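Feature list (source: TrEMBL):
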type     : residues : note
COMPBIAS : 1-10     : compositional bias 'Gly residues'
DOMAIN   : 235-327  : domain 'Enkurin'
REGION   : 1-116    : region 'Disordered'
REGION   : 243-265  : region 'Disordered'
Amino acid sequence: MRGSGGGVGARMGRQGWDQGPGPGRRHGVEEAGSGPEVRSPSGLGAPLQGDNEGMCEGPSRISGPIPPDPTLCPDYYRRPSSAQGRLEANAPKLDLLTSEQDLDSTPPRDPRIGPGAREILERGRHGVENLRRIREIQRRFHEQERGQGQGQTRPLKALWRSPKYDKVESRVKAQLQGPGSGVDFITHNARTAKRAPRRHSRSLQVLAQVLEQQRQAQEHYNATQKGHVPHYLLERRDVWRRQAEARQSSQPDPAMPPGHTCMPENQRLETLSSLLQSQSQLLRELVLLPAGADSLRAQSHRAELDQKLVQVEEAIKIFSCPKVFVKMDA
């Protein structure tokens with residue numbers, strides 16, 4: 001909509017506020033040739049008396065969240081006091097949105113305040129006055145403290161002490177009140193400081209001695225410890241070896257035939273030693289036989305010794321193997 005005084009009314013018209021019937025408007029939009037339109041400063045309703053175009057007279061039939069201007073038909077529009085006060089109080093704010101200040105030269109009236117609202121306003125004024133007085137008192141108190149601090153030193157505040165220890169005597173106080181020692185510690189310390197040896201930096205000779213000691217310590221370490229395996233690592237290595245042997249012995253031998261078991265090593269060695277003793281005994285008996293004995297008994301005894309000797313030799317070959325498998329009883 002055109003016109004410098006209808007900024008708010010133009011926006012209201014675009015939102016559907018002036019959708020009522022009337023010449024020169026179509027759904028809240030002015031026609032091109034209808035001329036400028038002057039609206040009220042509040043921008044909330046019908047145009048003023050200076051409108052050249054014939055507008056609808058009488059109460060407005062527009063319905064919306066904000067009612068039209070009550071100055072057109074004051075006898076028809078009856079608003080509550082709270083709404084009237086709010087509308088009249090907001091009128092100066094709406095005047096700031098208009099560009100022409102001479103449209104309404106009448107001074108704004110004071111808002112209409114009910115009997116209950118006046119008490120609220122008075123209470124709010126008392127609160128503001130009290131706050132102002134509190135700030136003034138605080139400012140004066142700070143200035144007084146600042147003046148006292150510049151003029152004289154503030155006394156130290158005594159620390160809090162529990163009344164439980166009021167009757168306890170101070171040990172430090174008793175020592176201070178007692179007779180002091182007759183030693184002048186200041187003079188004594190001064191004399192001691194004169195006799196004390198001065199600390200100098202290490203000379204080249206002392207530095208050479210220190211380097212020689214470090215070199216000897218390094219040589220001793222290289223000769224005794226460097227390159228040697230610690231004892232705890234050797235023990236740990238033996239433990240690992242025994243564990244590996246135990247795991248290997250617990251696993252079944254792939255060369256063992258089914259239905260057999262492996263003879264323990266100690267039992268195999270005992271059997272082998274007994275077989276060797278039997279072999280030596282049989283050889284001794286065979287040597288002691290008479291060479292010229294041709295009797296049947298002598299021949300049978302020789303043949304029996306030879307047969308036993310062959311069996312013992314075969315058994316020695318078997319038990320000489322590292323593993324001997326024995327068939328399990330059914």
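Placed from the backbone N, Cα and C atoms, the Cβ positions cover glycine too.
Automated prediction, rather than curation, is the source of TrEMBL annotations.
Per-residue confidence over the domain 'Enkurin' (235-327) averages 89 (mean pLDDT, predicted model). Look at the domain 'Enkurin' (235-327): DSSP puts its residues at 64 helix, 6 strand, 23 coil.
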